[in-house]
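Worksheet: one structure, shown below.
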Amino acid sequence: MPHTLWMVWVLGVIISLSKEESSNQASLSCDRNGICKGSSGSLNSIPSGLTEAVKSLDLSNNRITYISNSDLQRCVNLQALVLTSNGINTIEEDSFSSLGSLEHLDLSYNYLSNLSSSWFKPLSSLTFLNLLGNPYKTLGETSLFSHLTKLQILRVGNMDTFTKIQRKDFAGLTFLEELEIDASDLQSYESKSLKSIQNVSHLILHMKQHILLLEIFVDVSSSVECLELRDTDLDTFRFSELSTGETNSLIKKFTFRNVKITDESLFQVMKLLNQISGLLELEFDDCTLNGVGNFRASDNDRVIDPGKVETLTIRRLHIPRFYLFYDLSTLYSLTERVKRITVENSKVFLVPCLLSQHLKSLEYLDLSENLIVEEYLKNSACEDAWPSLQTLILRQNHLASLEKTGETLLTLKNLTNVDISKNSFHSMPETCQWPEKMKYLNLSSTRIHSVTGCIPKTLEILDVSNNNLNLFSLNLPQLKELYISRNKLMTLPDASLLPMLLVLKISRNAITTFSKEQLDSFHTLKTLEAGGNNFICSCEFLSFTQEQQALAKVLIDWPANYLCDSPSHVRGQQVQDVRLSVSECHRTALVSGMCCALFLLILLTGVLCHRFHGLWYMKMMWAWLQAKRKPRKAPSRNICYDAFVSYSERDAYWVENLMVQELENFNPPFKLCLHKRDFIPGKWIIDNIIDSIEKSHKTVFVLSENFVKSEWCKYELDFSHFRLFDENNDAAILILLEPIEKKAIPQRFCKLRKIMNTKTYLEWPMDEAQREGFWVNLRAAIKS
């Protein structure tokens, strides 16, 4: 029994491992370029079967805990390996030994508590390494990165356990584009640990406390170009004179991101910034100012000099006691050299006139996403305010009047670029006043319904996209770029009103087509973006867009954004791929051709009818059909005559003087029906013929040259033939009065030809001795 249980357990383990391996393989997908993706696939290990074809492997967000020496052994061409957010706690020493081509390695947010330099020694091509978020306390016992001579981006540290930076940690690294250190809980920093790196383009430093900030600053000031401080509480920061006497600082940009600061500590920070002689740009993102703007300091503290700072950026600044905030007048003197200021989404509603006047060098001012209205803007743009200002951005504020906004800015003599997008203007007056040097105006997303002469004619660039415009008819002689996407325009603007236009972006409007003539009318146009419209793919439009090879150079969004909206059977297809049928593209020519063909057919039919007596046949058929449609007076036939005699009027003498005498004077006499004698006067002749034939037992045809020339004889012959067909009897008797060659019989007498081929006929003898026999045979035929 125990043996059986043991076998069952072994089989269960084998099956479980088999299923796990199968699941691992199913969770990994690779394309033909060797890019393999297996993120978030619940993998418990690195899939087996990986070969040298794999160039990129993403196994992030799985449950991998262990990497063995054999897992990646065959991946000799692997260039990128992403193992972030797994549960990796162990990596064998030679796990990466075959990855000499690896350039990107991400081991962040795992459970690696000890780092080994043996992992990284084979990675001679590595340019990116991320070790963030692992619970190690230090960066190993020996230098981890000394062999990574090509490393450009390095990210190390964690929020909780990384407490110590040692001098050996970054030994061997001479140049880095980016170095990110999460030293949120840093407690020990060995002097000159970061000084070994000769040049770092961008250093990102996470520090909760500022205790070791000055020491680190001393080491990096001569090697870092951009220093970024994150998640730091500087409320109690105090600057102390540095013992180094550094004068060759390389720092050009200092960024504070998610930093807490007070009125007093801000002054201390500015003292620190005074040590950076080459500082050009200062940035505060998502910071909190726990103060009221009381920056008044003692005489001993007046050592602040903004130096060469040209750019100041403040985004999403939070001031809890905003309602108590001061007027910043103590800082006015520090702003005279600043050229670029951005204060975005920080609840700014006013720039005091005095501050505006102190900003003498300011060329660029961005006050986007604030609370500015026309009345306060007028105070900000007072006389002598912003004398050098060229670009003013007031995007997404509370401006409501274009006329007032333009008048307010008249004091800014050098202003050339104005962005007042995402304000709610709704309407536009007929005329406005603007600074006379205006070149650029952005009115996108302002809910305007029309454009008027309020737009300055000096503009070179105009953006009115994402509004409710259905017409653009402004004369802007100097305009070079027009952005008018996401409106309701149904056609391109008039080119004669925009003679200098180089760029036109008019996508996502209501345009259905445009022609070569329209585009050619824009003589200077270099770039057109017209995708996203509902194009009617007519033959003319398709021919123009598909045959003009140079069009692709002008249409920057061609062909992906040019889709047909109609005809319905090509809706959604790219314009360049649509092909219409000949009938759709040449309808006029096709109809004309069909009309010509129909005319020729009618003409040919007429000629054939004339040549082969078609009209005569039609008349005869019509008469027959009319006669057949008439109701019969009695269900049974009333035979009144022994024979109806069909003959030509020119053969009347033979019929009346010979035939009638022989048959009607015979005993018993035969009763014959002759048209001259027995037709009812006033009755339609066709009806007389039909009635006489139907009331006669037989029909006698007196054939001669005269007979075949008679139209009425032809009728009588045809009606007799129809009767023969309808009643299936032998009612026709042919008398050949004179010899007739069948070739001489006209084609329209096809019935006569057929009867002569199938029936025996009586021939009138020229010898009088034989005539008695002729009459005997005729009488016998009539009686039969």
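Easy rule for this one: first residue shown is 1, then count along the chain.
Keep in mind that glycine also has a Cβ here, set from the backbone N, Cα and C atoms.
The model shown is predicted, which means the values in this text are computed figures rather than measured ones.
In the three-state DSSP classification, Cys30 (disulfide bond) falls within a strand. Annotation for Cys30 (disulfide bond): spatial neighbours Cys36, Lys37, Ala53, Val54, criterion Cβ-Cβ under 8 Å with sequence separation of six or more. Feature annotation from Swiss-Prot assigns disulfide bond to Cys30-Cys36 (among others); the stated evidence is similarity to another entry.
Summarising the annotation, Swiss-Prot assigns disulfide bond to Cys353-Cys382 (among others) and lists similarity to another entry as the type of evidence. Residue density at Cys353 (disulfide bond): 16 other Cβ atoms are found within 10 A of its Cβ, drawing on all protein chains shown.
Summarising the annotation, Swiss-Prot assigns disulfide bond to Cys432-Cys454 (among others) and lists similarity to another entry as the type of evidence. When Cβ atoms from all protein chains are considered, those within 10 Å of Cys432 (disulfide bond) total 18, not counting its own.
The average pLDDT the prediction assigns to the repeat 'LRR 10' (279-308) is 76. The feature repeat 'LRR 10' is assigned by Swiss-Prot to 279-308.
As annotated by Swiss-Prot, site 'Interaction with bacterial lipopeptide' applies to Phe349, with the evidence given as similarity to another entry. Annotation for Phe349 (site 'Interaction with bacterial lipopeptide'): spatial neighbours Asn370, Leu371, Ile372, Val373, Tyr376, criterion Cβ-Cβ under 8 Å with sequence separation of six or more.
Per Swiss-Prot, the feature topological domain 'Extracellular' maps to 21-587.
Applying an 8 A CB threshold to same-chain residues 6+ apart, the list for Cys454 (disulfide bond) reads Leu402, Glu403, Gly406, Met428, Pro429, Glu430, Thr431, Cys432. Under DSSP, Cys353 (disulfide bond) is assigned to a helix (H, G or I) in the three-state scheme. Here Cys382 (disulfide bond) comes close to Cys353, Ser356, Gln357, Thr411: these same-chain residues lie at least six apart in sequence, with C-beta atoms under 8 angstroms from its C-beta. DSSP assigns Cys454 (disulfide bond) to coil in the three-state reduction, outside any helix or strand.
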